[in-house]
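Chemist: Reproduced below are the annotations present in TrEMBL:
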{"type": "COMPBIAS", "residues": "1-12", "note": "compositional bias 'Acidic residues'"}
{"type": "REGION", "residues": "1-65", "note": "region 'Disordered'"}
{"type": "COMPBIAS", "residues": "26-63", "note": "compositional bias 'Polar residues'"}
{"type": "DOMAIN", "residues": "65-156", "note": "domain 'Cadherin'"}
{"type": "REGION", "residues": "90-160", "note": "region 'Disordered'"}
{"type": "COMPBIAS", "residues": "107-117", "note": "compositional bias 'Polar residues'"}
{"type": "COMPBIAS", "residues": "125-160", "note": "compositional bias 'Polar residues'"}
């Protein structure tokens, strides 16, 4: 018998809870022996069907970037789905549900956040990244991005 399946030797009842790794078909042969040593066997199949497990999220570290500097962060490693072949779709908003600022976007297929903040973007934002699996189950993680100010050199205008 597989590790997840047991038999009660007194009642002959089979019981167990398969995991994701056990999805598929197995063949089981059960043999009963009486007190005189006579045996009877029966072979049958058990089909373990997959059920959807929602994705999981781990913490995304807070980030710091400078204004006028290209920012890029791949968050795909912070999300997982144990279902074989299940693909994830990435989305992001500010923590309060508002859209991301114009300078920041996320690739829905790869989970890469990117953009270049400008002087008006200096400060902190909290970003929530959400992944959705093919069955509509979701997981989210929120982290901060600090945009630091950099010195912008003086500019000159022609005097007329």
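Using N, Cα and C of the backbone, Cβ positions are placed for all residues, glycine too.
Describe the structural context of these features.
Modeler: Secondary structure of the compositional bias 'Acidic residues' (1-12) per DSSP (helix as H, G, I; strand as E, B; remaining residues coil): 0 helix, 3 strand, 9 coil.
Across the compositional bias 'Polar residues' (26-63), DSSP helix (H, G, I), strand (E, B) and coil residues number 0 helix, 21 strand, 17 coil.
Helix first, then strand, then coil: DSSP counts for the domain 'Cadherin' (65-156) stand at 6 helix, 42 strand, 44 coil.
Outside the compositional bias 'Polar residues' (107-117) by six or more residues, the chain places 65, 67-76, 79, 88-92, 101, 127, 129, 131, 147 with a CB less than 8 A from a CB of the stretch.
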Chemist: With a Cβ cut-off under 8 Å, give me the same-chain residues at least six positions beyond the ends of the compositional bias 'Acidic residues' (1-12) that come close to it.
Modeler: 18-19, 22, 26, 28, 30, 32, 46
Chemist: Looking only at the domain 'Cadherin' (65-156), what is the mean pLDDT?
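Modeler: Here the predicted model's pLDDT, averaged over the domain 'Cadherin' (65-156), is 95.
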